[in-house]
Amino acid sequence: VPFAGWSLPLHYGQGHLQSHLHTRRHCSLFDVSHMLQTLVYGRDRIRFMESLVVGDIAELKPGQGTLTLLTNEKGGITDDLIVTNTSEDHLYVVSNAACADKDLAILRDRAAQLQATGSDVHLEVSDNALLALQGPSMARVLQAGLLDDLAKLSFMNSISTTVFGVPGCRVTRCGYTGEDGVEISVPAARAVELAEQLLAVPDVWLAGLAARDSLRLEAGLCLYGNDIDETVTPAEAGLMWTLGKRRRVAMDFPGAAVIMAQVKEKPRRRPMALTGAGRAPFTSLYPHIPGTVTSGCPSPCLGKNIAMGYVEAAHSRAGTELTVEVRKKQHPAVITKMPFVPTQYYMAK
């Protein structure tokens, strides 16, 4: 199917349900090379990044990364990014494919502004491929091709290493499924070779866009363009945890005044998680309930419908019963807590 200018497979023959459940029980390989990878160099790289995002990039230890938000002057979310402070001499930034063009324009424009005032910062767009290996057997599968000890690599941490004989790879313990997983940035010329090495393990299946979407929804993870966009602020989206304490005090990121005012006054709408019966995705709340369904699907793991969206604060308490519309028919649903399925992120001891 078309996706942000790319042609992406929905599944690889096993079907969506089987692929989803295999990822939860074993391990799947996702080709996510459509995502934008940018390297930020220069002694002012942290100041540059913090002028655009809400996170505390300065506090990141070498090899540590964080989910952060690129915001606009109205407090809206321009994109959600993962920014890693590498152990080398640069920041490693991964952006959503749907936002790649606008993100790169913003990054380049800001870099030019700082360069014009004498700051030392410059960007390099990586042409590496990006492979995500996700699922409970990931560590066993990947460890066989690493000299590094994966048991020492915690969630949201990153190393530069050789993977199954392919040098120059960056392995970051993260993902978009809620399972233990890694994303491997690999030189494009050897990406197929690495993928074939991983797929030689019977436990590893290729997985496509359909499973990626249902897995992230079960894990309560937002999809940019559906659940968050430039009309939604971090306060409304329940993403205030991405704002570093120092950044809240300094209020030196785009849209800070709007966002912090919302925190003080409490947002009128709040994120919601819904569950209910039926096999077709929820499409909307029905009627007279001020809110929006932004993502929904039948949950392969739970055997019922799940959805994310926004609702007026007065209706947002877990346990609140609502009515939803599915194929022009009304069905009962209940607000619940996220994630729908417990996450399995790995924290090293």
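Using N, Cα and C of the backbone, Cβ positions are placed for all residues, glycine too.
Marked as domain 'GCVT N-terminal' by TrEMBL: 2-244. TrEMBL lists GLU183 with the feature substrate binding site. Residues or ranges marked as domain 'Aminomethyltransferase C-terminal' in TrEMBL: 291-341.
Regional average pLDDT for the domain 'GCVT N-terminal' (2-244) in the model is 97. Under DSSP, residues within the domain 'Aminomethyltransferase C-terminal' (291-341) fall into helix, strand and coil as 3 helix, 30 strand, 18 coil.
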